[in-house]
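Pulled from TrEMBL, these are the features on record:
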TRANSMEM  A:12-36  transmembrane segment
DOMAIN    A:14-181  domain 'Cytochrome c assembly protein'
TRANSMEM  A:61-81  transmembrane segment
TRANSMEM  A:93-112  transmembrane segment
TRANSMEM  A:124-143  transmembrane segment
TRANSMEM  A:155-177  transmembrane segment
TRANSMEM  A:197-219  transmembrane segment
Amino acid sequence: MTLTDLANPTKFLALTARILPWLAGVTAILLAIGLYQSAMAPDDYQQGATVKIMFIHVPNAWLSMFVWGVMSVAALGTLVWRHPLADVAAKAAAPIGAAFTFLALVTGSLWGRPMWGTYWEWDARLTSVLILFLMYLGLMALWRAVEDPSRAARAAAVLTLVGAINIPIIKFSVDWWNTLHQPASVLRMGGSTLDKAFLWPLLVMAIAFSLLFITLHLAAMRNEILRRRVRSLQMMQANRVAFTSEVGTGSRDGNASQEIGAA
Amino acid sequence: MNALAALIRRDIKIALRVGGGALIGVLFFLTVTVLMPFAVGPDLALLSRLGPAILWLGALLASLLTLDRLFTADHEDGSLDLIVMSRTPLELACAAKALAHWIAAGLPLIIATPVLGLLLNLDGTATLAVAATLLAGTPALTFTGMIGAALAVTLHRGGLLLAVLVLPLSIPVLIFGVAASQAAISGSLPFGTPFSILCALSLASLVIGPFAAAASLRHGLD
């Protein structure tokens, strides 16, 4: 089973039908374990119980950037290899990514209120994530603006690749600028500064959220493929109806040429 | 080289003559700036503090307004297809078109800035700072906006979609443009740092914009 085999939508549908229940089950189990561990994690000596927002906030924030990365790879697949599943993957990922970004913003803002004393602060990290959210919405608007899916796919692919410039800016904004948002503490040179009691639940939650994304993404891709099939069936049917009625009453082109002949 | 020079000359001529609409951007810039004192009140101290931000916002919106013209007219009369099929690389042709658009629609905004600065009670150094940052920053607006214009023309959708796609990309330019102007006015922060980042943004968009626009034209037109 290679990537080229998966290019056949029927094979893709058959494969995902088999693995989706397993994926969903593993995601649910890991989420349950992660949530339990998060709830059992000790309170922070400074932040108290609010530190537990981190276990939701950080995976969402990571996923918000990761999904754009997935879409960028899919965009390359659309533009370079014309892979038929690539534009389906890109289209299905956009709303999920927007949801992760929105949740990261909301949980961050709820965390910021007790810690920083404000729901919103115009610092570099928050602003760049907000821009990411706006770009997700713009991308979704672009997908919705065009009826022809392959045409929309190529336009969206260009925009996705241009928008990918924002991802490193978000990642390094806390290092480049002196921000209110804390700098990276998990993935950094010289090891994590996070205590083990917090690190383990966070990692479990991160894996659970990644699996959640994969599950949702595959399900959304299935829906998108089926939606396109329904669309092409409807168009074929409309075509047939139009054709039979044309044969019944005489084609319009024939009438027009007769008129031209008469003139 | 000759073909590109001809393209630039042609685009500037079309933009400046009757029906070209490049100077509408300046009129819009003036109108937005005049509207601001009505919104925030005619307090001169407040206006001179907000001045750079108002001018930058006005220039951003004015350049967005005229972006629609970058490809639409050429697409309608078919000359865009000729440009795509010609021997000149499409990336260079896009860069030439954007340059012509900036000369016709972006430069007048900068020339108008000193007059509008008077309306907002800006002193000489402040006006000079805003004009300098606009000179360094508006190419970035045009060249990133060109990506949105190319997408919009291949989708046969202009207007609002173009604005939604382009505005998030122009936020960094706005941030550093206003930061550099404020730094020059207040004098407490260094002017060079945000100004060089602004120049860097312009140079980066000078490279990325033509490639992305050419890619979307090549894949989108049929």
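Each Cβ is built from the backbone N, Cα and C atoms, and glycine gets one as well.
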Seminar exercise, completed: Lying 6 or more residues past either end of the transmembrane segment (A:197-219) yet within Cβ distance under 8 Å of it, the residues of that chain are 16, 19-20, 23-24, 26-27, 30-31, 33-35, 37-38, 40-42, 44, 51, 54-56, 58-60, 62-63, 66-67, 70, 89, 92-93, 96, 100, 186
Exercise. Which stretch, A:61-81, A:93-112, A:155-177, tops the Cβ pairs under 8 Å count with the transmembrane segment (A:124-143)?
Worked result: A:155-177
Exercise. Is the transmembrane segment (A:93-112) packed against any residues at least 6 beyond its ends, judged by a Cβ distance under 8 Å, and which are they?
Worked result: 50, 53-54, 56-57, 60-61, 63-64, 67-68, 70-71, 74, 118-121, 126, 129-130, 132-133, 136-137, 139-140, 143, 156, 209, 213, 216-217, 220
Problem set entry | Segment confidence, the domain 'Cytochrome c assembly protein' (A:14-181), expressed as mean pLDDT | 85
